[in-house]
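Asker: One structure, as structure tokens, below. Some questions next.
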Amino acid sequence: MDKFLISGSGPLTGELRISGSKNAALPILAATILAQGKVRLANVPHLNDISTMIALLRTLGLTIEIQGDHVVIVDPNTINSYTAPYELVKTMRASILVLGPLLARYGEANVSFPGGCAIGSRPVDIHLRGLEAMGASIEIDGGYIRARRQGRLKGCHFLMDTVTVGGTENLLMAAVLAEGKTILENAAREPEIVDLANLLVAMGARISGIGTSTLTIEGVESLTGCDYSVMPDRIETGTYLVAAAASRGKVRLTHTSASILEAVIVKLQEAGADVTTGEDWIALDMNGRRPKAVSLKTAPYPAFPTDMQSQFMALNAVADGISHITETIFENRLVQVAELKRMGAHIELEHNTAIVTGVERLKAAPVMASDLRASASLVIAGLVADGETLIDRIYHIDRGYEAIEAKFQALGASVRRIKS
């Protein structure tokens, strides 16, 4: 199992190109099942989760051609199976996203219950209730969700009783081929859902209310292929900005957008960063200053994203002052606290809130990654620690960060992958 060896260094400085969004590319890849022609996707990140989704689509029979590192061409017309097997689904929760497209296009879907990060209970009951409201019959058998329809799915008015990104994506993809009008209330509003909706529109779907909490879909009989470029990764963008701020550095990130990261940028400015932006770039400069502690509370978009919480905890660990970080989305997403405390961080837990008292520097220690974003917080902590930090179980990082060691090295950091 690979590990990272990180030597604490000075401020991060330089320029980076941000990759395409993992959390947009995964549902977009699943959505290609809906098309009747080839779909050419650009700016697809080279990540383990993307490879898993491609392997899943190939298992279903889709023909996939990869051109270079970031272009994927999908021909969905060769599909010959409607079963997403446990062997693939167990490694990545986003596998559930083939459920809606398979059911809508082919009338049948057999999908194993999903896996992925161990960050709490993320039930799929809203996905299933929404599909049943569209006329699907669903049973759970042997660890599989088995969904069927007679005739086309039927448009419906469905209120999601909690905001769910995956549920919104699955029901949106099912609704585009349903008969009649579907209204999805309390829909998630994340930029990645906007990106998925824009792809579906490019394929011929009729969707209004994109970017709002009410999506209205007029079902069509078929969708075509198209060319589409995946949006930039806002969490990767935020991670490198936070790392630069924690290290008192100066960076410029290209092929990204400030408009998808407003809540994070506000907190970085609170921490003392000078942030300037352009149409496709963000620059951050700490002017050599120690960051100031910033308190935050995670909530659905457009509020502060749960996927950036752990990175800010690493920043607050070396910030001037005391901060409160409250996690409201996932119940187990403060797991990085124990590892950060091994490095000398002063953190106390009160229910779902971490109280962080900043120290001048952390101290290197062997630590273990537990999920994707907690892993990123440990990398940031290693960069602002005295000595060499060894991070185990970095396969979590490889699920969501493209070439992370090379990118940090380009900013002057000492991050080495050690093959086991």
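Using the three backbone atoms N, Cα and C, a Cβ is placed for every residue, glycine included.
Quick paste of what Swiss-Prot says about this protein:
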type	residues	note
ACT_SITE	Cys117	active site, proton donor
BINDING	Lys22, Asn23	phosphoenolpyruvate binding site
BINDING	Arg93, Asp307, Ile329	UDP-N-acetyl-alpha-D-glucosamine binding site
MOD_RES	Cys117	2-(S-cysteinyl)pyruvic acid O-phosphothioketal
Asker: Let me make sure I understand the span of the UDP-N-acetyl-alpha-D-glucosamine site: among Arg93, Asp307, Ile329, what is the greatest distance between any two Cα atoms, in Å?
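Answerer: Taking every pair of listed residues, the largest Cα separation comes to 16 Å.
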Asker: Among Asn23, Arg93, all listed as binding-site residues, which has the most CB atoms within 10 Å of its CB?
Answerer: Asn23
Asker: When a 10 Å sphere is centred on the Cβ of Lys22 (phosphoenolpyruvate binding site), how many other Cβ atoms does it contain?
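Answerer: For Lys22 (phosphoenolpyruvate binding site), the count of other Cβ atoms within 10 Å is 25.
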Asker: Measuring Cα to Cα, how many angstrom lie between Arg93 (UDP-N-acetyl-alpha-D-glucosamine binding site) and Asn23 (phosphoenolpyruvate binding site)?
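Answerer: Rounded to the nearest whole number, the Cα-Cα distance is 11 Å.
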Asker: If you run the three-state DSSP split on Ile329 (UDP-N-acetyl-alpha-D-glucosamine binding site), which class comes out?
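Answerer: For Ile329 (UDP-N-acetyl-alpha-D-glucosamine binding site) - judged by DSSP and reduced to three states - the answer is coil.
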Asker: Cβ distance under 8 Å to Asp307 (UDP-N-acetyl-alpha-D-glucosamine binding site), same chain, sequence separation 6 or more: which residues?
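Answerer: Spatial neighbours, sequence-distant, of Asp307 (UDP-N-acetyl-alpha-D-glucosamine binding site): Ile235, Gly238, Arg373.
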Asker: Which residues in the same chain, at least 6 apart in sequence, have a Cβ under 8 Å from the Cβ of Ile329 (UDP-N-acetyl-alpha-D-glucosamine binding site)?
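Answerer: Within the chain, Ile329 (UDP-N-acetyl-alpha-D-glucosamine binding site) has Cβ neighbours under 8 Å at Thr298, Ala299, Pro300, Thr306.
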